[in-house]
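Here is the structure we will look at.
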Amino acid sequence: MSNNPDLNGSLGATQIGAVLGTFLFGIETLQTYNYYGEFSRDSRTLKMTVALVWFLELGHTLSAWHALYSQTVTFYGQLQYISSPPRSEEMTILFAALLYTVVQAFFANRVRVLSGRWHIMLVACCLNLLRFFANMATLGLLLHYSRVSILLEWRWLVSTALGLGIVVDILITVAMCHFLSRLRSSDSKTRTMVETLILWTIESTILTSAASITQIILFLTRTDLVWTCFYIIQAKLFSNSMLASLNGRRRFRTCEDEPSEIFHFVHTRGSTTDGVSCTFCESCSSDIDG
């Protein structure tokens, strides 16, 4: 009897990640459709950002499936294509890096809109760029050496990219929760709205940060590719959290006709556009254009 290699930690992880990622991409597609139907008054820049995120996710999903199909069908039985995967698998890194950059910049800008201050956004964007460069360096290594094992020799680089993502997530979350908590008042409607927004912020961060932490642990403690399963779905978690935050404004649409402290606060921060309060309620167009 021939000894068959254990593919659970390589092709198995890729397959699970691709299937779960496709499921999440379907949810994102539905969210994108709902977004354009519900928020036609949003700024063109914000609409283009949502479209960009969707197309990047499409490229990410197609790349993952092309890589999996190539390894399991086109090059069936040729084990060298597991340790030296097709270029399409490496391209998932490019699409994921661009997605992280766009989505985290979106949330960092929300902190600026909410607080009226630039320094937190600038710090988050600088760390975000460092993460992007680390991911590009990882992609460069894979393209140059054409073997996954090279990442084991550069563990610090991959770990740095993942760690920077966690730092940016936590920074944005803490800042958002801090500034939102300052909007609490004795008014029950305002207090409920603020608490809901804080809960949404924490929930989205828990998902993305948990995926990053799991990747780091698996990457540092194992020599297989189990960690790639979480890497594939993490990009989907980011884009879905962004769209969920945009579509969630439907719950607060009724607040537009009732003045409250939360809207007064945002307007008095010196925003240059009308409807900055729509970050929570109606259009959110100031998230990028403000």
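Using the three backbone atoms N, Cα and C, a Cβ is placed for every residue, glycine included.
Listed in TrEMBL for this protein:
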{"type": "DOMAIN", "residues": "166-251", "note": "domain 'DUF6534'"}
{"type": "TRANSMEM", "residues": "12-30", "note": "transmembrane segment"}
{"type": "TRANSMEM", "residues": "51-71", "note": "transmembrane segment"}
{"type": "TRANSMEM", "residues": "91-108", "note": "transmembrane segment"}
{"type": "TRANSMEM", "residues": "120-144", "note": "transmembrane segment"}
{"type": "TRANSMEM", "residues": "156-177", "note": "transmembrane segment"}
{"type": "TRANSMEM", "residues": "197-219", "note": "transmembrane segment"}
{"type": "TRANSMEM", "residues": "225-243", "note": "transmembrane segment"}
Overall pLDDT for the domain 'DUF6534' (166-251), taken as the rounded mean: 85
The transmembrane segment (91-108) and the transmembrane segment (225-243) contact flag, 3+ Cβ pairs under 8 angstroms: yes
Remote residues contacting the transmembrane segment (12-30) - C-beta distance under 8 A, at least 6 residues beyond either end: 54, 57-58, 60-61, 64-65, 67-68, 71-72, 89, 224-233, 235-237, 239-240, 243
For the transmembrane segment (225-243), sequence-distant contacts whose Cβ falls under 8 Å of one of its Cβ atoms, 6 or more beyond its ends: 9-10, 13-14, 16-18, 20-21, 24-25, 27-28, 31-32, 35, 50, 53-54, 56-57, 60, 64, 92, 95-96, 99-100, 103-104, 106-107, 148, 204, 207-208, 211-212, 214-215, 218-219
